[in-house]
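K.L.:
Here it is: the structure, laid out below.
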Amino acid sequence: MSFSVDVLANIAIELQRGIGHQDRFQRLITTLRQVLECDASALLRYDSRQFIPLAIDGLAKDVLGRRFALEGHPRLEAIARAGDVVRFPADSELPDPYDGLIPGQESLKVHACVGLPLFAGQNLIGALTLDGMQPDQFDVFSDEELRLIAALAAGALSNALLIEQLESQNMLPGDAAPFEAVKQTQMIGLSPGMTQLKKEIEIVAASDLNVLISGETGTGKELVAKAIHEASPRAVNPLVYLNCAALPESVAESELFGHVKGAFTGAISNRSGKFEMADNGTLFLDEIGELSLALQAKLLRVLQYGDIQRVGDDRSLRVDVRVLAATNRDLREEVLAGRFRADLFHRLSVFPLSVPPLRERGDDVILLAGYFCEQCRLRLGLSRVVLSAGARNLLQHYNFPGNVRELEHAIHRAVVLARATRSGDEVILEAQHFAFPDVTLPPPEAAAVPVVKQNLREATEAFQRETIRQALAQNHHNWAACARMLETDVANLHRLAKRLGLKD
């Protein structure tokens, strides 16, 4: 089978459509699935010896949240090492990273797999993976044809990364190179709230402004602080953490500003405080609302004048510290109640950030669940950890009062429970492995199934045919909307409809 000029032109056109890179990437792999008639495809970005999914088609949504470290995925490592098309035989002993991650076929393993490494010059920047349930699914395509696909995808990804780098340098003063290399924090989520938060982090990171990060307990405020620091010019210097809620009043001033020998009973030597440790770097004050009014006054002086005094010392020390503060309280209300200084609040909240609760982040819960599943898989040495459809449905309908932290603990607990009740190193998380209170799931729609005098295959096809007809009618004959309603891939739906005689 050969690609026509029209097919290649169509792929190139799809890469130019859409507003953002994410939209273009999604269009690319959706088009590839239709052209190559594969069951699943993914575009991955390579960074720090791991592949990060940018867009997927035909795979479970939680794949977007997973991070595929080369050490734990030998097929992806083989793709990263190769300089050309990689075809894995159907009987390959190397586990496929997407086994169990094709919706509706969690118990089946992928049989055909092709990997296309993507390069910018001599540098590996990503990969395209194509998967199928039939062993010979990609035999009709030559390596040369697949190289053309890889070249188009590599060009699109390279341009996107270049634009991202240029935008980052435009926001940052001076040369961005020294601190770009230390970026490690991963903010997982594609919801509007998280997308906006990521943009605001990029903007404020370039400055030296103090930042007040507000959000409920467990939303990831510390992660936001790390992301700000790692994207800032101060990233080559330390990020120092202090939990104000766990700070006894008797030692709080010493922890912040340090002390000299003999300043109080037990002060047997000079000791630097957190501000000194963070000099030329960043100090993250978690739960800032727990500080006493007396300490708030001393903190305000540091923010105003940039000098500190160790406990027991008359001399002042100059420090250059950026302060990031976090709270789960409404500090405006605390100011009105007289429990927080208004002048300190205004000093800290030069650029306020709000971290949305998990219940307002939509499908991000599934992406995060995928990330935690992959973390558990690596930690416990499992070959795969998969979320069943029932588990995904449960996670999407629970409101998570403990936010991301509660989700993380729930996934870890569920993996341990599922592992205990299943032999082998493959774990499928079911709804019963989670212990959420008072979760109300939408009732399944009742459907009258007529008794028919047919064999099993004919009865199954009749049911599929009627189900698709009803879904099309409800969605005004929009095939994409119909596929979403039936929770299947639109390309697979088209093929099934043709086989059932619903399409020419």
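Glycine is no exception: its Cβ is also placed from the backbone N, Cα and C atoms.
Below are the features listed in Swiss-Prot for this protein:
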- 479-498: DNA-binding region (DNA_BIND)
- 215-222, 278-287: ATP binding site (BINDING)
- 187-416: domain 'Sigma-54 factor interaction' (DOMAIN)
- Asp57: 4-aspartylphosphate (MOD_RES)
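Mind running through what each feature is packed against?
P.N.:
With a cut-off of 8 Å between Cβ atoms, the residues of this chain six or more beyond the DNA-binding region (479-498) that come close are 30, 33-34, 37, 39, 57-58, 103-104, 389, 464, 467-468, 471-472, 504.
Taken residue by residue with DSSP, Thr282 (ATP binding site) is part of a strand. In sequence order, Ala225, Ile228, His229, Ser232, Arg234, Asn237, Pro238, Leu239, Val240, Val321, Arg322, Val323, Leu324 make up the list of same-chain residues 6 or more apart from Thr282 (ATP binding site) whose Cβ falls under 8 Å from its Cβ.
The Cβ of Asp57 (4-aspartylphosphate) has 22 neighbouring Cβ atoms from other residues within 10 Å, across all protein chains displayed.
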K.L.:
Roughly how many angstrom lie between the C-alpha atoms of Asp279 (ATP binding site) and Asp57 (4-aspartylphosphate)?
P.N.:
47
K.L.:
For Gly218 (ATP binding site), which residues of its chain lie six or more apart in sequence with Cβ-Cβ distance below 8 Å?
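P.N.:
The answer is Leu358, Gly402, Asn403, Val404, Arg405, Glu406.
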K.L.:
Do you know the DSSP helix, strand and coil residue counts for the DNA-binding region (479-498)?
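P.N.:
DSSP classes over the DNA-binding region (479-498) add up to 16 helix, 0 strand, 4 coil.
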K.L.:
Cα distance, Asp57 (4-aspartylphosphate) to Leu285 (ATP binding site), nearest Å?
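P.N.:
For Leu285 (ATP binding site) versus Asp57 (4-aspartylphosphate), the Cα atoms are 42 Å apart.
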K.L.:
Can you check what DSSP calls Asp57 (4-aspartylphosphate), collapsed to helix, strand or coil?
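P.N.:
The residue in question, Asp57 (4-aspartylphosphate), is strand (DSSP, three-state).
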K.L.:
At a 10 Å cut-off from the C-beta of Leu285 (ATP binding site), count the other C-beta atoms across all protein chains.
P.N.:
25
